[in-house]
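Below: the structure, in C-alpha cells.
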Amino acid sequence: MPHSWDYDAVVIGSGPGGEGAAMGLVKQGARVAVIERYHNVGGGCTHWGTIPSKALRHAVSRIIEFNQNPLYSDHSRLLRSSFADILNHADNVINQQTRMRQGFYERNHCEILQGNAHFIDEHTLALECHDGTVETLTAEKFVIACGSRPYHPSDVDFSHPRIYDSDSILSLHHEPRHVIIYGAGVIGCEYASIFRGMDVKVDLINTRDRLLAFLDQEMSDSLSYHFWNSGVVIRHNEEYEKIEGCDDGVIMHLKSGKKLKADCLLYANGRTGNTDSLALENIGLETDSRGQLKVNSMYQTALPHVYAVGDVIGYPSLASAAYDQGRIAAQALVKGEATAHLIEDIPTGIYTIPEISSVGKTEQQLTAMKVPYEVGRAQFKHLARAQIVGMNVGTLKILFHRETKEILGIHCFGERAAEIIHIGQAIMEQKGGGNTIEYFVNTTFNYPTMAEAYRVAALNGLNRLF
C-alpha cells in the first residue's frame, strides 16, 4: 500500500538552487513545499550576496564614470555618495527581486513555509516556526538547498562593531576612511573595488601569492595592475596572527610581523555550508569540514531520496549554476534520471571594477596540456563604442586551436565583460564544426558595439597563423 506523505518533495532553501528545484518539481506535477528560514524568499543570493553587492558595485561604478568623464570635468566638485545612500539603491533592487520571486511561487501554487527545519528521520522534518511553534511534515523526497555563510574563525570577534563579514558589511553603520579586507578571493576583490571607488583607503590581504589564481594569468595581472593604479595596497602571502577590535577601529597583527590599523575590517576568507542545524546525523548523512555534502551526477546524496544543490555542495558555488543544478535535480527526482546536465564550460563573472569574465581554458592550462593554441586580442581603447562611452580600459582575448580553429577559451577584462563573454560562449557550445573563430570574421556585427571586439580579436589571432 503506498505511503501517504504530506508532500511529494520538500525543498529546504529558496535561493537559486532551491528555486530551480521547486519550479522544476511543480512544473512536473509534484506537490512541493519550500522551507525558508528568512522572512522573505530569495536566499542569500537575493538578500546579502549576489544582488546587493552587484547593486552596490553598479552605483559606485556610475559615480566613478561621472567623476572621470571629461564632459563633466569643468564642474568644480566631485560627485560623492555615502555608503548608506548607495545601500538604499541596493534595498530597492532587493525588494523588486523578492516580490518577483514570491510571485513565481504563488503563480505555480508552491507552498512557502517559514522557519528553521531539521530532520527527525529519513522522511520527517521538524519545522520551528518564527512564532515559536513546532510542526512536523513528511515527504517522500527532499532537496537540500540551504546555501552557505561566511566562515568565522573562533579567534575573531565578529560581535565587535568594527569587524564585518560579507553578510554584515551590508549593514555598515559608519563611513570608513580606511578598510582592511582579509581574503583576496572573488568577494574580497569585489569589495576592494567598491570601497576604493568610494575613495576609501583599502589594504587587501591575500593569503596566496597572486590574485584569483584560477583566472588566466593576464586577467589576474590586469586586475592587480588596476588595483595598484587606483591605490589599493595588496599584501600577498600574508596571514593574520591576531585581530584586535578597538573603539576607533581594528588592528591586525600579521604573522610576518607587520601591524595594520583601519577604521574597520571586512573578513572575507572562506565560506561554510549551512548544514549544521539540519540534524543530518538523524538520517546518517555526513558533511565535510566545510559543512558541504557529497553528491553524484544527479545531485543525490548518500541517501537516494535526499538531493543537494548550490553552495551546500561546493564548487562551482555560482548562483547561475545552482539554479541549473536545482532544475536537473528536480528532473532526476521525478523521473529517476536526468537528461539535462551542467555544461562543461561554465562562465565565470567577477564583478570588480572593471569586470572580469572567463569561459573555457586558460593559457596556463593549454600550455600544460601541450595544446597548439594561438591568441587573438582586442583592446577596448581601439573600439569606437568604447571611445564613445569612455570605456577605454579593457581587453578581450580569444584562445583557439591553431589547426582546427576551434575556440578553446575566452577571457575578458573591462566594463560589461560578464555580458560580452556570452557571445563567445554561444559559439563555443556549437557542435559539428560550428565552434570556430572564423565565425567572428564571417558574421556582421552592429556598429559601433562592444561585441565588435570579437571580430577585432579574431582577425588579430588569425593573422598570427602561418
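The backbone N, Cα and C atoms fix where each Cβ goes, glycine too.
What you are looking at is a predicted structure, and each value in this text was computed from that prediction instead of being measured.
Swiss-Prot has this to say about the protein:
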BINDING   Glu36, Arg37, Tyr38, His39, Asn40, Val41, Gly42, Gly43, Gly44, Cys45  FAD binding site
Open item on the list: Within a 10 Å radius of its Cβ, which of these binding-site residues (Glu36, Tyr38, Gly42) has the fewest neighbouring Cβ atoms?
Closed with: Tyr38
TODO: Could you say which of the binding-site residues Asn40, Gly44 has its Cβ with the most other Cβ atoms inside 10 Å?
DONE: Gly44
Task: Collapsed DSSP category at Gly44 (FAD binding site) - done: helix
